[in-house]
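Take a look at the structure set out below.
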Amino acid sequence: MEQKNGSSFTGFVLLGFSDRPQLELVLFVVLLIFYLFTLLGNTTIIALSHLDPHLQTPMYFFLSNLSFLDLCYTTSTVPQLLVHLRRADKSISFGGCIVQLFVTLGLGGTECIFLGVMAFDRYAAICRPLHYTVVMHPRLCALMASASWVIGFANSSLQTVLTFLVPLCGRNKIDHFFCDVPPLLKLACVDTTVNESEIFFVGVIILLVPVALITVSYGRIVRAVLRIKSSAGQRKAFGICGSHITVVSLFYGSAIYAYLQPSNNYSQDQGKFVSLFYTIVTPMVNPVIYTLRNKDVTGAMKKVLCRGHDSR
């Protein structure tokens, strides 16, 4: 008798890149290198933010939180992918798939909101410089960070439940390298239009509300910067925001492509490579972007390295 419910599965099979066996070894080497750099870069940002007193400000509080988010997000998918790229067995348990979907959606949603919070921090720093320390009080920073996590995982809970309520009728081969909403819905043996609409609506809120906050914040920042008479002052102000804008563009561009397009236009192959981009490439380049464009971070790194050298 055919299974009628996903809960009766012993597990799923993540097809990943098994249709391209010649690509698997190359991907394994490249992704392993990227993952190690991701661990190194984000851990460095977190360590510097705690070790250097000059970096214990709201901006670097949020930056270290973003680095922690990126570490968790990458680790929720990449180690498993690396194992699957070198093994014939590409299975994941039913419970493991639920947990992975819940965690990746939660971390992704949290990062969406967090980038909006960081835009507000930049707005306060540039448009309200005299009141910055009052506006961005440590309690408010902690509250906004906590709210980002709570909202991100509340959204994840809803989307995970909606996704796994869909009957799969014995289908268990997921055409992806991790458990994600679009490929899971493709396993359904019923019409998923209502489910897709509900998930799309929730996704729009999680993605576009922070985008609106970012747009409003940077609209006011641009007006404030253009009123600065000194060209050096303008360059410094835009430099402060440049790293954040770059990170926002990379993250939201790939996320909107992956989650906010009609299912009939969704290419599974393109989806896999876009997912690789926002699960491994973006978390890896974020520390590089902030480090290369930020004299405070590079200065703190030199201090720590010199301190370590002098102690020998």
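Residue numbers in this text run from 1 along the chain shown.
Keep in mind that glycine also has a Cβ here, set from the backbone N, Cα and C atoms.
Automatic prediction, not curation, is the source of TrEMBL annotations.
So that you can see what the record holds, here are the features copied from TrEMBL:
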| type | residues | note |
| --- | --- | --- |
| DOMAIN | 41-290 | domain 'G-protein coupled receptors family 1 profile' |
| TRANSMEM | 25-48 | transmembrane segment |
| TRANSMEM | 60-78 | transmembrane segment |
| TRANSMEM | 98-120 | transmembrane segment |
| TRANSMEM | 140-158 | transmembrane segment |
| TRANSMEM | 199-216 | transmembrane segment |
| TRANSMEM | 237-260 | transmembrane segment |
| TRANSMEM | 272-292 | transmembrane segment |
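Listed by sequence, the residues of this chain that lie at least six past the ends of the transmembrane segment (60-78) yet keep a Cβ under 8 A from its Cβ atoms are 31, 35, 38-39, 41-43, 45-46, 49-50, 100, 103-104, 107-108, 110-111, 114-115, 117-118, 121, 138, 141, 145, 177-178, 247, 279-280, 282-284, 286-287, 290, 296. Sequence-distant contacts of the transmembrane segment (237-260), counting only residues of its own chain at least 6 positions beyond either end whose CB sits under 8 Å from a CB of the stretch, comprise 66, 108, 111-112, 115, 118-119, 122, 125-126, 181-182, 200, 203-204, 207, 211, 214, 218, 221, 224-225, 228, 271, 274-275, 277-278, 281-282, 285-286, 289-290, 293-294.
Residues belonging to the domain 'G-protein coupled receptors family 1 profile' (41-290) score a mean pLDDT of 87 in the model.
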